[in-house]
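Residues annotated as domain 'Orotidine 5'-phosphate decarboxylase' in TrEMBL: 241-453. Sequence annotations record features per position, and here TrEMBL assigns substrate binding site to 247, 269, 360, 418, 437, 438. What TrEMBL lists as active site, for OMPdecase activity is 300, 302, 305.
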């Protein structure tokens, strides 16, 4: 008898396989359930599992620098594997701590280090995909996962879509067959389980169902922040939730693109301080174009200093941002004083800021704990904060606008860590406004590209709204 078959028999002896009616993490009702949590009471089994995982790794020619066990059942297996084969381990938390380092991943993480995921059971693959996403955000490379048991219900296919190859020690049919050879199973029950396994060969990845959104015109009626109200009205009237980021280095290109894009956008996002030939004429022309085409000017300044310095950066200097930008971006790290400073410098103008809750670059340090604090900061300054820059939903308050960068139809990333996704994916994750840069500005036909992004982004938003 092979060591792997011997291991399966040993697992069945400690009653990991159960018959009955069970609800799986995927939401599926199942007549069979595999519970591996009890293995921690059997050190010899944990050790043998680690050895078989190492053997499977060699069989499939996997190379790895670190290992990560999906919490919680796979953690002791990954720990023993790490000790036996002297492979460093990282640990992904289910949620970040509210104290200490507040990390989602513990251990030494380095960019471009290859990480092998170890999992106990895969049904739809949701846990593996979620773990891989967190690890990749830390800069780790994830291409393979070894699982003790594959329930053969679509997990392998779902995980493959996330760029991960699944390797299993056992599958559900092998386990059920061995169970039947060791235990008396009535024919009716045998046929019921066999039929279930055949009829449920695919379970899609379970997604959280977002709260239905309200149409922009409805949100405009209840919104008291003046700039937000204007933006809602623009998006409703132009049927566009498209913001284009124009990162041009020369003024003429910036103004030319603003004029071309104007009919299609609700906002134009600028980085005014990268212009090599900035002059006072540039903001004047931008304001004229914004009035001509009915869009807002969104200066992505990312203010992040103490209040007094930010007040001067906003209202003074060569750029005089307060005079022409409707909206600016702000980091919440300095605390609420930065918002108070912008308020005081705004004077009588209708101005607003957007808090950066999350960034689209790989390895960004903005975690769930930080996003929660950003949401609280926004609630305390609803008269001035209009929303967030984020990849995921930050607040359920419909008066806050979520703006999601990193939208690109053609590519998934660049060499500097930028990560892209489609307009539909962005809206599904909570975006009210999609921010597109190179996907439009580098297109051969800029107007046609803008039209496509505009239509896809707005349609995705309309489809996410509840019916009135």
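Using the three backbone atoms N, Cα and C, a Cβ is placed for every residue, glycine included.
TrEMBL: automatically predicted annotations, no manual curation.
The Cα of residue 437 (substrate binding site) lies closest to that of 300, out of the active-site residues 300, 302, 305. Across the structure, residue 302 (active site, for OMPdecase activity) and residue 269 (substrate binding site) place their CA atoms 12 angstrom apart. Here the C-alpha separation of residue 269 (substrate binding site) and residue 300 (active site, for OMPdecase activity) works out to 6 Å.
For the pair residue 247 (substrate binding site) and residue 305 (active site, for OMPdecase activity), the Cα-Cα distance reads 23 Å. Note: the CA-CA distance between residue 300 (active site, for OMPdecase activity) and residue 438 (substrate binding site) rounds to 16 Å.
For residue 438 (substrate binding site), the same-chain residues lying six or more positions away in sequence with a CB closer than 8 A to its CB are 408. Most Cβ neighbours within 10 Å among the recorded positions 247, 300, 305: this distinction goes to 300. Counting other CB atoms no more than 10 Å from each candidate's CB, the recorded positions 269, 302, 437 peak at 269.
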